[in-house]
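Enquirer: Questions regarding the structure given below will be posed in turn.
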Amino acid sequence: MSILAPFSDGQLDYSYYERACPSLHRIVRWNVWEALRSDSRIAASLLRLHFHDCFVNGCDGSVLLDDTYYFKGEKNAAPNRNSVRGYETIDIIKAHVERACPLTVSCVDILTLAAREVVVMAGGPFWPVLLGRRDGLSANEKAANEQLPSPFEPLDKIVAKFSDKGLDLRDLVVLSGAHTIGFAQCFTFKGRLFNYQDSGKPDPNLDSSMLSKLQCTCPDTDESNTTLTPLDIQSVTRFDNAYYRNLMNNSGLLESDQALMSNSQTADMVKSYSLYPHLFYKDFAASMVKLGNVGVLTGRTGQIREICGS
C-alpha cells in the first residue's frame, strides 16, 4: 500500500491517483451517469454543490460534513438549507471508490471530478481536473452564511465576494452561466413579480410575457415559496449559452443574474457569450479550473475521509 500511495509534495497533479487509484475516473463517470439517468436535476445540483464548497474557505469538502458536537456544519446554513442537493450521489461514488482504493481519494476530489462530469454529460465543455486535494477537518456555518453570494445582493457585493476568492469579473460572468441548467425556488425571485424594491409593482426590467407566466407559477402566497422554476426556460437540462440570450432579452430569472446587464463591462461579456457559445465554453472551463483551486489543502494538511459526511 505504501508503494501505491500517491506521492505529494504539496502540489496538485493531473495524474495524482494514476497508480494508487487508476479506476477513479471510470468510477466517478459511471456513477454520475447513473445518477443523471434517474434524476435530471442532479447535474445542476452537483455543480452547485462544488461551487458552494469552494466558496466557503476553499475547496475542502466542508460542505459535505454533518454537524458535530464541535461545530455547526454548512449543510444547514441559510444558502444551503432545503436547497443544496447531491450529497447522496457523492456518498455513493465515495463508497465505490473506497472499495476499489481504500483511504486514498479525498471527497473533495470526487466532488470536483463529479462537477466536471455532469457539465460534460449535459452538453457543456470538458476541462482537465488537477487532483490531490485533501479534505478539511471542519465546516463553518457562519462562514457559509457570510461568504456565499446571494440572489438578493447587489452586483457590487457579489463582485467583492468573488474577488475575495481570487476570482475576477470575467469569472463571475462566466460562472453565472452555470444557471443555464437547474431550478430556483420562487422565494428567490418573487419580489420581482409583485413588489419590486417595495414599489408595490413588478420589476419594470422583467420581460412582460415572462412576468405573466411567473406570476401564475409563483402566486403571491407563502405556499408557493418553495415551488421550483427553471433558471433557463429555454434549455432546462442542456448546458448551453441560452442563459446569456435570456439576459439580453430581460428574461433572467434572478435579479442578481439580470444585474449583469446593469454594468457596462459585464454587459459586454454577456453579449459576447450570447453570440459565441464556443467562447463561453472555453472561458467556463478556464474559470472552473480557477474555482477548483481556491483554498485547497495539499500534502500533509487536512485528511482523507472514509465517509464524506463525517
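Every residue gets a Cβ built from N, Cα and C, even glycine.
What you see is a predicted model, and the numbers here were worked out from it, not measured in a lab.
Annotations for this protein, taken from TrEMBL, read as follows:
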type	residues	note
DISULFID	Cys21-Cys101	disulfide bond
SITE	Arg48	site 'Transition state stabilizer'
ACT_SITE	His52	active site, proton acceptor
DISULFID	Cys54-Cys59	disulfide bond
DISULFID	Cys107-Cys308	disulfide bond
BINDING	Pro149	substrate binding site
BINDING	Thr180, Asp232, Asp240	Ca(2+) 2 binding site
DISULFID	Cys186-Cys218	disulfide bond
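Can you walk me through where each of these features ends up in the structure?
Expert: For Cys101 (disulfide bond), the same-chain residues lying six or more positions away in sequence with a CB closer than 8 A to its CB are Tyr17, Ala20, Cys21, Ser23, Leu24.
Residues near Arg48 (site 'Transition state stabilizer') in space but far in sequence (CB under 8 A, at least 6 apart, same chain), listed by position: Val84, Arg85, Gly86, Ala178, Gly182.
Annotation for His52 (active site, proton acceptor): spatial neighbours Val63, Glu74, Pro79, Asn80, Val84, Ala144, Leu148, criterion Cβ-Cβ under 8 Å with sequence separation of six or more.
A C-beta separation below 8 Å, combined with a sequence spacing of at least six in one chain, links Cys308 (disulfide bond) to Gly61, Leu64, Leu65, Tyr87, Ile90, Asp91, Lys94, Cys107, Ile110, Asp135.
Around Pro149 (substrate binding site), taking its Cβ as the centre, 20 other Cβ atoms fall within 10 Å, counting all chains.
Residue environment of Cys218 (disulfide bond) contains 23 other Cβ atoms, counted within 10 Å of its Cβ in all protein chains.
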Enquirer: Report the nearest neighbour of Cys54 (disulfide bond) in space among the recorded positions Pro149, Cys186, Cys218, Asp232, Asp240, comparing Cα positions.
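Expert: So, of the listed recorded positions, the one sitting closest to Cys54 (disulfide bond) is Pro149.
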Enquirer: Counting Cβ atoms within 10 Å of each candidate's own Cβ, which of the disulfide-bonded residues Cys59, Cys107 comes out highest?
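Expert: In terms of Cβ crowding, the pick is Cys107.
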Enquirer: As a test of the contact definition, list every same-chain residue at least 6 positions from Asp240 (Ca(2+) 2 binding site) whose Cβ is closer than 8 Å to its Cβ.
Expert: Gly123, Gly124, Thr180, Pro277
Enquirer: What is the separation, in Å, between the Cα atoms of Pro149 (substrate binding site) and Cys59 (disulfide bond)?
Expert: 16
Enquirer: Within 10 angstroms of the C-beta of Asp232 (Ca(2+) 2 binding site), what count of other C-beta atoms is obtained when all protein chains are considered?
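Expert: Result for Asp232 (Ca(2+) 2 binding site): 27 other Cβ atoms within 10 Å.
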Enquirer: What residue among the disulfide-bonded residues Cys21, Cys54, Cys186 has the most other CB atoms lying within 10 A of its CB?
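Expert: Highest number of other Cβ atoms within 10 Å: Cys54.
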Enquirer: May I ask for the distance between Asp232 (Ca(2+) 2 binding site) and Cys186 (disulfide bond), taken between their Cα atoms and rounded to an integer number of Å?
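Expert: With distance taken Cα to Cα, Cys186 (disulfide bond) is 14 Å from Asp232 (Ca(2+) 2 binding site).
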